[in-house]
Number of protein chains: 2
Amino acid sequence: MANDRIRLESLKDKIMTAEQAAFLIKDGMVVGSSGFTKAGDSKAVLPAFAERAKKEQIKITLMTGASLGHDTDGKLAEAGALAKRMPFQVDRVLRNKINAGEVLFIDQHLSESAELLHNKNLPSVDIAVIEVAYIDRDGSIVPTTSVGNSVTFAALAKQVILEINMAVKEDMYGIHDIYQAEDYPHRNVIPIVAPWNKIGRKTIPLDPSKVVGVVFTDMLDSPADIAPADPKTTAIAQHILAFFENEVLLGHLTDRLLPIQAGIGKVANAVLMGFKDSNFYDLTMFSEVLQDSTFDLIDAGKLSFASASSVTVSADCYQRVFGNLQKYRDKFVLRPQNISNTPGLIRRLGIIAINTAIEFDIYGNVNSTHISGTKIMNGIGGSGDFARNAYLSVFVAQAASKGNAISHVLPMVSHVDHTEHDVDILVTDIGLADLRGLAPRERAQKIIDNCVHPDYKEQLQSYFDRARERGGHTPHLLEEAFSWHLRLAKTGSMKE
Amino acid sequence: MANDRIRLESLKDKIMTAEQAAFLIKDGMVVGSSGFTKAGDSKAVLPAFAERAKKEQIKITLMTGASLGHDTDGKLAEAGALAKRMPFQVDRVLRNKINAGEVLFIDQHLSESAELLHNKNLPSVDIAVIEVAYIDRDGSIVPTTSVGNSVTFAALAKQVILEINMAVKEDMYGIHDIYQAEDYPHRNVIPIVAPWNKIGRKTIPLDPSKVVGVVFTDMLDSPADIAPADPKTTAIAQHILAFFENEVLLGHLTDRLLPIQAGIGKVANAVLMGFKDSNFYDLTMFSEVLQDSTFDLIDAGKLSFASASSVTVSADCYQRVFGNLQKYRDKFVLRPQNISNTPGLIRRLGIIAINTAIEFDIYGNVNSTHISGTKIMNGIGGSGDFARNAYLSVFVAQAASKGNAISHVLPMVSHVDHTEHDVDILVTDIGLADLRGLAPRERAQKIIDNCVHPDYKEQLQSYFDRARERGGHTPHLLEEAFSWHLRLAKTGSMKE
């Protein structure tokens, strides 16, 4: 069995346990690891390193594709093994350590980490840990359920540890499109003009002399937990679908729309599921992560092709797709995240981007990352890559939460991830604000009219009216701009 | 003479005065006009329309490339002729009207206006006013000192007025590279892989049946006013040049650097002039606007090629370049602004972007547009297009101004145009902060150590220290975040 999975004879000498491999990671090293939204992450070596760090004072800088599964980030953080982490995380324990200042976190546009490494704008990677389906005869590797930044880590790391996951079938071969742009100043065109274009190799090139360890694992990715639709997510999805239907009526779009990017979570899922019973057809996706809804739409005959950097699905959906890959292999492709998220392709293909906001303000600025301006939740992820360059940039949020003690539509966001320049459509369960072609004062009135929860409408209108009296292109009362956040901290509610 | 400039016979019937042409612009119309940073703007029809608007209640929506020359924006605003203006302006009178809420302004990434029009995300253009050197035999037009959004206006406007500028020589033919991307979903690759690549036509295609008026003018562009270098700009330029020299020493860049984008103004000018006596050579530019310094560097044998959307130079430099175009025509090219500023090309070419900030904060967020969060100065221009996608994104500001009553390095910017994700290097006359690979708390200390004016150092350190005690990935004291701006408004100084 192992023989099948290590097809380059010389690497069979490198087989070791995860614990042995964890000792190859030294204190102070920069580690680049596979894994993107739980998919294709290190399931043995990083957890073994976390165990080791419980007993020793060792800290690393850890770069990944995006978030890891199996609480790995939490275990590493708990053990004090992380000095610095980038470019994304979603773990509760790690988040608390970051907010306490115990772990340094760099929140990066997901398309940029590989660029920064190639450009030497980040420290070089000492050792990479990459999950693979198998090692090919030329030493190149077949990744699993994500590509993430693994192509860059394999190219640039001084040493590489490979985790061969026996729970993953070898027929993963061929679902990846491995392409790496040339170095500056000799970079060429990335020749993708449609989501289904494959332009690269099927395996990740790797110099076998860099491989210092091969570890066997046998464990599937942590499954996605998808919260079922609720009345709010359903309302948001309905507003968006009605908007798309109207754009078709106006002749702005066809029934095939344009390639869709959808962030993670139940709203995105609800929107995608809404297409199932719609008149839209021959839809495509050009996104970062494919969730259950993607495969449901493929099965329903609505979605023709999906491009992304990872597949993060429920246990049932995993079996449906990867237990019968022959049925799906021409329907999707996984790319490096500096290709799936690259600004030039997003503009070239004309993406419809749907992402989630923590809060937005009356001028259309969006906070995707910080609670009350200071505490990070997850990270900006790919939302900036897509929102800036999309044909249409949609952000969604519930209008209010926690028994309406919190309004997610505010005078001023406490942290800006996406400026008003990058936001076309805002949607809450209350309604949709189409901000295209509107100046700031028009945006404000439209957002107050359409998106804010009724409990906060008067209060928000009052802010805007009083700010407008004082003047400015973007009227604000700086002394009051964060009063809603401050009131929440003091009284437990944003209500006056 | 007129015969030479209107080479399509049928259009000779359309010759009229500027006053007559101004009557073709109706109340409520969307007008698309040539003009980018004073260059190639309408010198007769828009001013005539402003005159007409003094006597009549007529208002238009005016889109341009960027800013206009000859106080045209001021005259239009003064006459009450502007309902809405986009995507950029620099006029004092217009700015005041915008801040008073009398003119609605949409501040757009300069690469996006043409995209938004093509995608029908903005109202369609009723009439275009385009300055040209001449009309070719096929009805296509040769623009003058800028391309801006004229290709899009010519393609999409229902009617077109042409201003033939007799002060411009016909040998402008050939300095433009006119390329328009296909409509979605059939858009192809933009095949530029080096600043000097020319991929399009030499003239702007135009359906002659849309031409409703041809007006003759005879006036050069408003000349650029370039303030001479002062000790602060010189200090900023020296910090940047020393940084580049060090990057070469580290092997990150060669002596040829990578293509440079420089915003308008005296800092950019000082940086570029600094290259004159440096060891750098075979430099290139991929920018929006070419200023005097570009041609000085060409003359000095330091700069091999420059790509942009306009040439905005002093009267002397204008004569030097356009009086002897044969000498320079292989050294620069003018492109539509949705090509000069397109994100995909900026990332593909690996641009070094240098732009000016009004203020920045301890985490590296930049405000390029708003005074105290409310009053707009000019607009975001192309700074976002370049900063987001650049190989290196540099922002510059003076550390303090107005007798040091204002610090330009602050706890929190009052308006965010560029988030910390998009900012690599911050420079003031005090020093340079290299933020690459730093988490927010590290960024803050580096900025306090290197960039803030000594008068504010203690005050800023105190804010950061107290915020850090309260915790968070991005520590802030929301109740105090804008206290510096509020103190300035109250006491005339940001000092405690």
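One is the number of the first residue shown, and numbering goes on along the chain from there.
Placed from the backbone N, Cα and C atoms, the Cβ positions cover glycine too.
Automatic, uncurated: that is what TrEMBL annotation is.
Here is what TrEMBL records for this protein:
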type     : residues                                                                                 : note
ACT_SITE : A:Glu288                                                                                 : active site, 5-glutamyl coenzyme A thioester intermediate
BINDING  : A:Gly263, A:Ile264, A:Gly265, A:Lys266, A:Val267, A:Ile358, A:Asn378, A:Gly382, A:Lys402 : CoA binding site
DOMAIN   : A:10-215                                                                                 : domain 'Acetyl-CoA hydrolase/transferase N-terminal'
DOMAIN   : A:319-463                                                                                : domain 'Acetyl-CoA hydrolase/transferase C-terminal'
Work out how many Å separate A:Lys402 (CoA binding site) and the residue listed as 'active site, 5-glutamyl coenzyme A thioester intermediate' at their Cα atoms, rounded off.
30
Which ones are near A:Glu288 (active site, 5-glutamyl coenzyme A thioester intermediate): of the binding-site residues A:Gly265, A:Val267, A:Asn378, which have a Cα within 10 Å?
none
Average pLDDT across the domain 'Acetyl-CoA hydrolase/transferase C-terminal' (A:319-463)?
98
Tally of residues which DSSP labels helix, strand or coil - the domain 'Acetyl-CoA hydrolase/transferase C-terminal' (A:319-463):
50 helix, 36 strand, 59 coil
Which has the fewest other CB atoms in a 10 Å radius around its CB: A:Gly263, A:Gly265, the listed binding-site residues?
A:Gly265
Helix, strand or coil by DSSP: which one applies to A:Gly265 (CoA binding site)?
coil
If you measure every Cα to Cα distance among A:Gly263, A:Ile264, A:Gly265, A:Lys266, A:Val267, A:Ile358, A:Asn378, A:Gly382, A:Lys402, the residues said to bind CoA, what is the biggest one in Å?
27
Sort out the sequence-distant neighbours of A:Asn378 (CoA binding site) for me: same chain, 6+ apart, CB within less than 8 Å of its CB, listed by position.
A:Ser67, A:Phe88, A:Gln89, A:Val90, A:Arg95, A:Thr369
What count of other C-beta atoms do you get within 10 angstroms of the C-beta of A:Val267 (CoA binding site), across all chains shown?
26
With H, G and I counted as helix, E and B as strand and the rest as coil, say where DSSP puts A:Glu288 (active site, 5-glutamyl coenzyme A thioester intermediate).
coil
Lowest local Cβ density (other Cβ within 10 Å) among recorded positions: A:Glu288, A:Lys402:
A:Lys402
